[in-house]
Structure formats: structure tokens, C-alpha cells
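Notes to accompany the following structure.
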Amino acid sequence: MKLMDVAELVKQPPDVTENPYRKSVKEASIGKQIPAPEEDSACQFFFDLNEKQGRKRSSTGRDNKSSHPKQPRKLPQPPGPCWFCLASPEVEKHLVVNIGTHCYLALAKGGLSDDHVLILPIGHYQSVVELSAEVVEEVEQYKATLRRFFKSQGKRCVLFERNYKSHHLQLQVIPVPLSRCATDDIKDAFITQAQEQQIELLEIPEHSDIKQIAQPGAAYFYVELDTGEKLFHRIKKNFPLQFGREVLASEAILNIPDKSDWRQCQISKEEEETLARRFRKDFEPFDFTLGD
């Protein structure tokens, strides 16, 4: 409930009916000689997560005169140090290449290529499934912008998320030169290597949302191709942590098998800073955060 928008929490279904227990409450109050409060029969009450525990407010959104001013909703907080919360001292800020309202872009440490980037929420969210509506909207905006950006460079991008043994959402965005292979080749490579490792990677409907398939807290892996096609695997037990990188680094796609493990691809901080400056400059004409 803490992750839901207030508008969703107070939304009433079309078949809502009067509370059948109100009469009993009033009668009990009368029996105890305690006057029951006046209630509008058409009014529903809900807990307001922005107020102190136990406070209630009307579905009209109006509080009584004695209520405190509405406080802004707090972002989810990590249980401990987090390498990807933007406000965290652990973040390697020299890798950050763009900052939006709810999300930011950063170069991947030990990336498969010089322009391998991550889309990350500024606040602490573990997976796409847990994102609030406004964060999802900006994630989609970043995805569409990166597709245009890489297309201008003669590349298509592949996006994947591994919500397994990770604490902060990381959407990996890897560009693949159009000359290397077609989208169908990338799709086939993921399916083939999944079958070889006995991973059930299923294609999900084109316009479906991961939130419709996975529940918050559920472990999963999913791939999104430049065509919008999505492949999904529900993780039930052990899952190879480098699976996404291994497929993309394979001979069928980027043909850089020695880069399948990010720890083998690390470069100096100076080199990372140079790559970040270059990406910022190249990305600037596509940067929607600058406004008109």
C-alpha cells in the first residue's frame, strides 16, 4: 500500500454499496450512551498514508479543520547502503550521464560496450513491478529516447532486467550495431541459450505489462527487444546471474564472450569519466529533461 498512489487507494469500484455494519455501530454507541457521529450515507472513508497512523479522511479528499497540512509522500528507503540510490554516498556519480525527475541514466560499470547504460530510479525501488505510475512513465520516456538515440548511430538496443539477488532496480540497455544481427537473431539467441540452461523463457503479449504477470517481491528475468517484443522467465530457484550478458556477448550477437562477466571488464576511473563525458555530449540533442 505504501507504494500505491493515493488516487488508486481511494478509488471506488462501480459496484460499491453501503457499509452493512454502520447501523450496528450506531446502535452499540446508543446502548453505551455515547452519541454516534453524524455520517453521510454516501461517504466512504479510507486511510491516508500521508498522515499519521490512525488518521482517516473522506474520499472527497477534504480533511476537517483540525487536521494537519498534507505532507508529501516519502520515497521508499533502502534497508542499508545502496550503490544505486542517487542520494547515497555509495553511488559512483562520475558514471551518471543524465538525471530526470524520477530516474537517471548511468554508464554500466564494466559495460559490454562504451555506451552500455542503465536506467535507474532515483528513489529506492527493487524492481519494475514496484514502481509508482509517475516513475514508470519516465522509465518509458527514457526507453523511447534511448531507442531514438541509438538508432541515429546505426544501432538497436536490447533491454533486460534481472530481479534476483539485486536490491535496486537496474534496467540494462545495451546497443547492438544493426550490421551485427537482426532483432529475430537476438530473440533466437536468448531462447536457444535459455533452453540449453533449462530456463523457461516465454514470450508475453506485445502490449502486456510486467506488472500484470509478476507480483511485487517475485523474482524474474525479462528481455525487451527494440520491436517491443518481451521475453519473460519467472525465477523459482537458482538463476545464472550473468545470463543476460552471456547471451548478448555470445558469438550470435556481439561476439565478445570474454566480456560476459562485468568484473572482467572494469577500466580506470579516468577512462570511465572520459566515456561519461562523451556519452553526455552525444546524448544531449535527444535529452528530453532539458525541455523545449
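Placed from the backbone N, Cα and C atoms, the Cβ positions cover glycine too.
What you are looking at is a predicted structure, and each value in this text was computed from that prediction instead of being measured.
Listed in TrEMBL for this protein:
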REGION    1-37  region 'Disordered'
REGION    51-77  region 'Disordered'
DOMAIN    73-181  domain 'Cwf19-like C-terminal'
DOMAIN    197-289  domain 'Cwf19-like protein C-terminal'
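Across all of the domain 'Cwf19-like protein C-terminal' (197-289), the predicted model scores a mean pLDDT of 92. Across the domain 'Cwf19-like C-terminal' (73-181), the DSSP tally of helix, strand and coil residues reads 26 helix, 30 strand, 53 coil.
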